[in-house]
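These come from TrEMBL:
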TRANSMEM  A:45-68  transmembrane segment
TRANSMEM  A:80-98  transmembrane segment
TRANSMEM  A:110-128  transmembrane segment
TRANSMEM  A:140-159  transmembrane segment
TRANSMEM  A:168-185  transmembrane segment
TRANSMEM  A:191-208  transmembrane segment
TRANSMEM  A:215-230  transmembrane segment
TRANSMEM  A:236-256  transmembrane segment
C-alpha cells in the first residue's frame, strides 16, 4: 500500500502514487450553474408571445371577411376595392419607407407576381367554386379549421426552430381558403376571397416582419380582431379575448416565473467547443 | 475406402459359364467404383461399338474355377450357388479386394429387359447431361448405348412402321406439313397477333415432330403417343361442342349483340351517381359518344361476325383448342372499344395520380431530386406555392369522379383479359392432357418407370451385400412432367404484385 504523501494536483505529470481513476474531492468545485443565463424582460417576453397573437388575429380577419361575404353583409366589389387600396398602401410603405433601396427593379418583379396571382385566381375561380358541391358544409368547415391550425403551427415566427416550414403553412392556408371559397355564392366572390387570402397570408407577414418589436402594432391588431368578432358573434369575441389573454399575458408570466427553476450545470466535463480565431 | 458396386444381369441365371463383358466406371469424388456387367461375351475380343466396353469378368456356374487374370486391372468372377449369385473374386486396380469387410462390396442384380423398356429413365438427367451420382442412370445409359441384338421392343408399332409403304406415306405427309408450315411462317409478321395463327403454327410443328419421329426413329415414344391421344380427345370434344352449339343457338352474333346491349344500358345508368357535376357531365358525354360508336360498329360488323362463325364451325372440327383460339380472337375483336375507352380512362387517371403525388410533395415544401433520385426540401417562391396549391386542390377534389370511371372500365378490361387468359390456359392443358401416360402409370407399366426399387436378397455378416433392383414408376406428377411435349409453351405466370401495382398507379394492363 502506497502512502499518498503528495497532494493531488490537476495535471498529468504528477500524481504518480494515485490510481488512474482517482477522483479528488475538489472535483465539484469547478461546477458552475446557469452560466449563460439571459435576463428576459417582461416586455420582450410579451412581444415574443405577441408574434403568435398577431398571426391568430390575421387568421381571424380572414375568416371574418369570409363570414361577411357568405352572409351577404358586404359586397365583393367593396371588399376588393378596399383590400387593393390597403395592399397598395402597405406595398408602398414597405418598399419606400422600410427598405430604403432602389425600388425600380423590384417593382417589375412585384408586378409580375401580382399579375400571376390575379390571372390564375380569376381563371380558376369558376372551377374552384364548383369543386366541393357534393361535400357537406360541416366537412368543409372542419377541413378549413384544421388547415388554419396547421398554418399556425408551422408558421415562420422569426425564431429559428426545426419545425418551421413556411411552404407548408402557406399551402395549408391557401387550401383552407379554397375550401371556404367554394361555398360562396358566385365565382367573383370566390375570386375576391382568394385575393384576400393571398394578401393576408403572403403579403401581410412580409410587412409585419418589419414591425416585430412594436407594441403599437400588436395592440392595434388585437383591438381590430376583437372588434370585428364582436360584430359577428359575442361568444366568439369572448373566446378570442380569452385566447389572447392566455397567449399574450399568461404564457409569458409563467415563462418568466419558471426561469427561476432553471438549473443548467456546466463543468470541465463538457465537450470542448472550438472557436475560430481571427488570424 | 473405396466402395465397389457390381451390377449383374439376372439373365445370367440360365447362361453357361463364360467370359463377361461390360463397362467399368469410377467416380473419384465418392470413391465408388461400378462394374456394369452387361452380358456374356461370345468371343474374347469383340467390338461392342462403345468405348470402355470390354471383357471385365468370368462367370463360372458351380465351382470356382481358376482363370488367369493376372494381367487385368479390373476383374470380376461370379458364380451361382443354388438360386443365388456368389461373388467369388473382385480385382480392383490390380489388387484382389478383401470381401470380408462388411458393406464394402455390393452386388446388385437387375433385369436388363425392364431397364431397356423404360423410356423415361434417362430423361431425368441433370441439365448439363452429366450422370454424376446416379448409378442406375449410368447403367441405363450404358445398356442403351450398347446395341443389343436380341432386344424385344413393342413389336406392333415397329412392324407397321418398318413397312416401306407406310414410310412413303409418312414422307408425303411430312412434305405437306412442311409446305403448310412455310406458308404460315411467311404470314407470321402480319398475323402474329391472332391466337389462331400461333396455335396453327404450334399444331403443324407438333405434327411434323410426330411424323419425323415415326420416320427416323421408327418407334413412337411415350411422349408422342401421349400427344396423339391428347389431340384425339381434343378433336372429339370439339365435335361434341359444335354439335351442342348448333343445336342450342341459331345465331351467335345475335346473342353477342344482346349481351352488348345489356352492357351499354348498365354503363348509362352509372352516370347518375353522386359525382362532381360539371366534370362528370363532360366525361360522361365523352364516353357515351364512344359507346355509341361501338354500338354502330357492332351493328355494321354483324355480317363479318356471321362469316367468322362459319370459320369457327369449319376449323373448329380440328379440335377444342382451335375453337378456344378462335374464341380468343373474336373476343379481342369485339372488345376493342372497351380497350380504347380503358386506355383513355387509365391515362387520365395515371396523369391525375402522378400530378397529385408531385403536388403533394410541393404542399409539404419538398421536391423530387432526379439527380440524386430522392425527395429533398425546396424553397419555392410564393407564386409557385399559390398556383401549386390551387392545382392540388382541384386535382384532389376531381379524383373521385376520375376514379369511378377508371374502376368501371378497368373492371371490364380485367374481365376480358381474364377470359382470354383462361382460354389460353385451357388450350395449354388440352394440348398436354396426360391421359395416355396416366393410364400407363395406373397400370404400373415399366415404360413409364423413372425410379428404382431396391430389395435385399440375402444378408450375410461377411461377404458382399446382395440387392435386387426393379424399375418402378415414380409419382404421377413427375411422370406427367416428363411427358409434356417440348413444342408446347406454357403460358407465363401472372405476376400478381406487379398487376396490383399497375392497377393502382394507372399503367396499362396487357394480356399475358
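Even glycines carry a Cβ here, placed using N, Cα and C.
Against the transmembrane segment (A:215-230), stretch A:236-256 has more CB pairs under 8 A than any other of A:110-128, A:140-159, A:168-185, A:191-208, A:236-256. If you look at the transmembrane segment (A:140-159), the same-chain residues 6 or more away from its ends with a CB under 8 A from one of its CBs are 48, 51-52, 55-56, 59, 63, 132, 165-166, 168-170, 172-173, 175-177, 179-180, 182-183, 201, 205, 209, 212. The list of residues near the transmembrane segment (A:168-185) in space but at least 6 beyond its ends in sequence, with Cβ under 8 angstroms from a Cβ of it, reads 62-63, 66, 69-70, 72, 125, 128-133, 137, 140, 143-148, 150-156, 193-194, 197-198, 200-202.
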